[in-house]
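Comments concern the structure below.
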Amino acid sequence: MNYVGLGLIIVLSCLWLGSNASDTDDPLLVQLPQGKLRGRDNGSYYSYESIPYAEPPTGDLRFEAPEPYKQKWSDIFDATKTPVACLQWDQFTPGANKLVGEEDCLTVSVYKPKNSKRNSFPVVAHIHGGAFMFGAAWQNGHENVMREGKFILVKISYRLGPLGFVSTGDRDLPGNYGLKDQRLALKWIKQNIASFGGEPQNVLLVGHSAGGASVHLQMLREDFGQLARAAFSFSGNALDPWVIQKGARGRAFELGRNVGCESAEDSTSLKKCLKSKPASELVTAVRKFLIFSYVPFAPFSPVLEPSDAPDAIITQDPRDVIKSGKFGQVPWAVSYVTEDGGYNAALLLKERKSGIVIDDLNERWLELAPYLLFYRDTKTKKDMDDYSRKIKQEYIGNQRFDIESYSELQRLFTDILFKNSTQESLDLHRKYGKSPAYAYVYDNPAEKGIAQVLANRTDYDFGTVHGDDYFLIFENFVRDVEMRPDEQIISRNFINMLADFASSDNGSLKYGECDFKDNVGSEKFQLLAIYIDGCQNRQHVEFP
């Protein structure tokens, strides 16, 4: 026997087994079809950031449905880099130049708790908000949820503004590229999350504001149940008037004129010209659609696509889709806060040298209201004026627009932009849905939130504004104060709520000591009220 040869074989075998064992035992190394990636140890959790799920949406792939990422990694992929924002004209960037991000941005980031008691975790997939125009995956934090250690979190980046939503309403330039990005990311999660210790059968899709509306739109695909077990829309749903808008074709050609494509006569030539322009030029042109400040806040947003559009997300009015029953029949929850409209109204209290912005409404209400409240493309000029006068009289009466009447104006914004459409969505789901439909209203003002930032003032009590609940789950830069003791309890309750919802076998939902009541088949709305020191189930004929 050749003992030298046998010994060499044994040594090499041990080296091979040892190297593979170390890869297996190293939680920072993850094997994917593309190759291996290395994450970061953050003490209480592991992170794997900026993982591409789609080919870069640049060049010929701009204004196209995303293509799955195909590249193989010859070296270990570095998954320790903070995800870049998708290219945008950002409302919250100070100064005149608000251009932020990169066109090549389609990544997911995975965050996994350290928990020796579990071999696998349910998964919460997160779609960030930002009116479909701005925002980034990194802007919503993960320290709170990782501290609790209940689920794996996956943050999704998707195309925004004109790069994500410009549309001519035909198959040449159908739009909704950002929504198609989200859907491809969900497929990536389904196929790959087990490699990180996630449970692909227990995925909950969540989002806030435009993220919440995105969740609802994704759910309206009949096969959504193949991608997620449940869905949660915080302060945003498919029926909000700022979500699916009309007039997209006109804005697409206006964008073309603004960037030197004025000779384009049809969708094909417009698309070709827009593809030839620098991405930064297209996104910077957003400012030409704003009549003042960042109004309207969503000039480019989801549209109804033609039925022959490639990989169409939605081709019918969401109301008709829900009535048909042909949508993802999974448990769904929706929410609003008592002054959600503070996000949209607060900038009107910003002070200038010439006075407060709200003063302008006294002379320009008929001009500005259709942009502020998103009915400029749905009514004739006469009907717009009549409606503007009607809602002013209903909410403001004969008062002037000023700081004294601001609370009534904020209530108008809350009702029209959030609450009324939340009620309508829930009403449709309770009548035509087969899976549980839940709702909550939150009333517990934060010491600092989005309204104080936009108004640049702390001397006004805005109430419970857009994000005051959600930012207790996923931290946000607009809230730079410590949580109060009551908010710490609420934060834990929210996080436990999501963890349980992600893995619930029967679709039940619970917050703290309160079980949500299902709205499907109920004559009255079942609404869970969440406030500073508890929760309570309430029944309503109409939302309070």
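Every residue gets a Cβ built from N, Cα and C, even glycine.
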- Item | As recorded in Swiss-Prot, which of C14, C105 forms the disulphide with C86 | C105
- Between C273, C535, work out which one Swiss-Prot annotates as bonded to C514 by a disulfide. C535
- Note on the structure: The candidate from N20, N420 that Swiss-Prot records as N-linked glycosylation site is N420
- Item | Using Cα positions only, nearest of the recorded positions to H466 (active site, charge relay system) (C261, C273, N506, C514) | C514
- Alpha-carbon distance [N42 (N-linked glycosylation site); C514 (disulfide bond)] in Å: 34
- Query: Just the number: how many Å between the Cα atoms of C261 (disulfide bond) and N456 (N-linked glycosylation site)?
  - Reply: 38
- Note on the structure: Row N42 (N-linked glycosylation site), column other C-beta within 10 angstroms, all chains, value 14
- Within 10 Å, the Cβ with the most other Cβ atoms among the recorded positions S209, N420, N456, N506 is that of S209
- Using Cα positions only, nearest of the recorded positions to N456 (N-linked glycosylation site) (N42, C105, S209, C273, N506): S209
